[in-house]
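Note sheet for the following structure.
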Amino acid sequence: MTTAKRPLALLILDGWGYRENTHNNAIFHANTPVLDRLNAQYPHSLISGSGLDVGLPDGQMGNSEVGHINLGSGRVVYQELTRISKAIADHEFEQNPALCDAVDSAIKAGGAVHIMGLLSAGGVHSHEEHIEAMCRMAVARGATKVYLHAFLDGRDTPPRSAKTSLSHFDDLFTTLGHGRIASIIGRYFAMDRDNRWDRVSQAYDLITQGKSKFQYDNAVTALEAAYERNENDEFVSSSAITDADGQVATLQDGDALIFMNFRADRARQITRSFINPDFDGFERAVVPKMHFVTLTEYAGDIKAPIAYPSENLVNTLGEVLQKQGRTQLRISETEKYAHVTFFFNGGKEEPFEGEDRILINSPKVATYDLQPEMSSAELTDKLVAAIESTKYDVIICNYPNGDMVGHTGNFDAAVKACEAVDACIGRVVDALAKVGGECIITADHGNAEQMTDETTGQAHTAHTSELVPFVFVGRNATIDEGGKLSDVAPTILTLIGEAIPAEMTGKPLIHIKE
């Protein structure tokens, strides 16, 4: 006969932040007697779920994917943009082995260093600060032939904003004494992801042959001509930029080509056209034998050196529980099921041994303001049954309502969503009390606490950077202030009497009074 468990439940209230301003604050205006009572009776604080505290740029609002990765891994997991920017600031970037090898191989072969990527300050697929650091590093290591192939943005930036970036890089190369912009083309062509190979081929031919619709002696001139043709940045036609002698710079055998996009989805196709031996998306007139490097990992089947490989998160909470022979349950609705499983487990799809999963279908409605309670009652039925079974040591549950209804911008519906979740929490807490269990109530990021944009007066449908609640319903305890999401996993391990692995850099926030 199995021993009855006294479960510890982690209840993640998605999109549930704390905001001092009560105006258009659905969480404040909701009738939440259960949470009000728990906050009055039990220790609680606020923790951070945004910005640098979760591995995002300073001030950047949190999101569900990042939030659950931090919650489950017990460490701040730097997202690619932040990770690379931090490496540049710490002067680690210039020593990156994959990048150094590429530059050095080109220099040794008497070749050129070609740098391509989305020249943008948008920070979604790339960042021009990363491209600048690469140009500086190449010249610092002795490269005299450095060529930038600029893909222009206009989607994650204003439609006609590339002039500032192009002018900056012209000035940069003048300052460095080496290098120049060799070509420009809109991301519509270079960064297609829908197998429209006729678009990608134009970028490939531009870089490998200098084959272009237009040719200019200056990148800004080329851009201005594109605007005259009524082409915004995203759609700029292939334009080769010549040097003082009227020559174009093309990718040759022995050269290096470094792709500076950090987001994978729109980087895969053009990468495959450069490196796949059996590529058949379009006919390649030339296939240079060069040293190709990707900034991050684009896909498992793309065989090229990677400057910043994906971090393999070991000893996440789920893995530690498995190693210690503990049982665990992950439960949520469809909308957040991946978050309490795949993302909480650090990007691992398969369940750990001893990990059960329950998926509750989210309601089939056009938008969730039409059913703000979503499937919370059914979810709670299953959760209460799991608690009463005394089968699990740790239960991870996500209530999606605050986030999914918050995204609709419907204030009244968001209030109802919060009230539905509050009622569910009451049932969960009662069930835990009957079996001697405990729970932590927190959130992954804010949303429903701000339903109107104070500046424009329009609906605020995005996440926020507000702090999120952290409540411990259990033994007599104190809670440290100033916590963040990555402190939650170490806290759980401490509460169930397990050691915190070295990989977890978060700190336990709850201290039981003996």
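A Cβ is built for glycine as well, from the same backbone N, Cα and C atoms used for every other residue.
Feature annotations, courtesy of Swiss-Prot:
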BINDING   Asp14, Ser64, Asp444, His445  Mn(2+) 2 binding site
ACT_SITE  Ser64  active site, phosphoserine intermediate
BINDING   His125, Arg155, Asp156, Arg187, Arg193, Arg263, Ala264, Asp265, Arg266, Lys336  substrate binding site
BINDING   Asp403, His407, His463  Mn(2+) 1 binding site
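Structure coloured by features recorded in Swiss-Prot.
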residue	record	DSSP (3 states)
Asp14	Mn(2+) 2 binding site	coil
Ser64	Mn(2+) 2 binding site	helix
His125	substrate binding site	coil
Asp156	substrate binding site	coil
Arg193	substrate binding site	coil
Arg266	substrate binding site	coil
His407	Mn(2+) 1 binding site	coil
Asp444	Mn(2+) 2 binding site	coil
His463	Mn(2+) 1 binding site	coil
Original post:
Nearest to Asp14 (Mn(2+) 2 binding site) in three-dimensional space, by Cα, is which of the binding-site residues Arg193, Ala264, Asp403, His407, His463?
Top reply: Asp403
Original post:
Judged by the number of other CB atoms within 10 angstroms, which among Asp14, Asp156, Asp403 is the least packed of the binding-site residues?
Top reply: Asp156
Original post:
What same-chain residues, at least 6 away in sequence, bring their CB to under 8 Å of the CB of Ser64 (Mn(2+) 2 binding site)?
Top reply: Asp14, Lys336, His339, Phe343, Asp403, Asp444, His445
**OP:** Tell me the Cβ contacts of His125 (substrate binding site) under 8 Å, same chain only and six or more apart in sequence, or just say none.
**Re:** Leu118, Asp156, Arg187, Met191, Asn261, Phe262, Arg263, Arg266, Ala267
**OP:** Please report how many Å separate the Cα atom of His407 (Mn(2+) 1 binding site) from that of Ala264 (substrate binding site), as a whole number.
**Re:** 26
Original post:
Out of His445, His463, which has the highest number of nearby Cβ atoms, where nearby means within 10 Å of its Cβ, if these are the binding-site residues?
Top reply: His445
**OP:** May I have the list of same-chain residues other than Asp14, Ser64, Asp444, His445 whose Cβ is within 8 Å of the Cβ centroid of the recorded Mn(2+) 2 site, in sequence order?
**Re:** Ile12, Gly15, Gly49, Gly62, Asn63, Gly67, His68, Lys336, His339, Asn398, Asp403, Ala443, Asn447, His463
Subject >> Of Arg193, Arg266, His407 (the binding-site residues), the residue whose Cβ has the fewest other Cβ atoms within 10 Å >> reply: Arg193
Original post:
How big is the gap, in Å, between the Cα of Arg193 (substrate binding site) and that of His463 (Mn(2+) 1 binding site), rounded to a whole number?
Top reply: 27
**OP:** Please report the number of other Cβ atoms within 10 Å of the Cβ of Ala264 (substrate binding site).
**Re:** 19
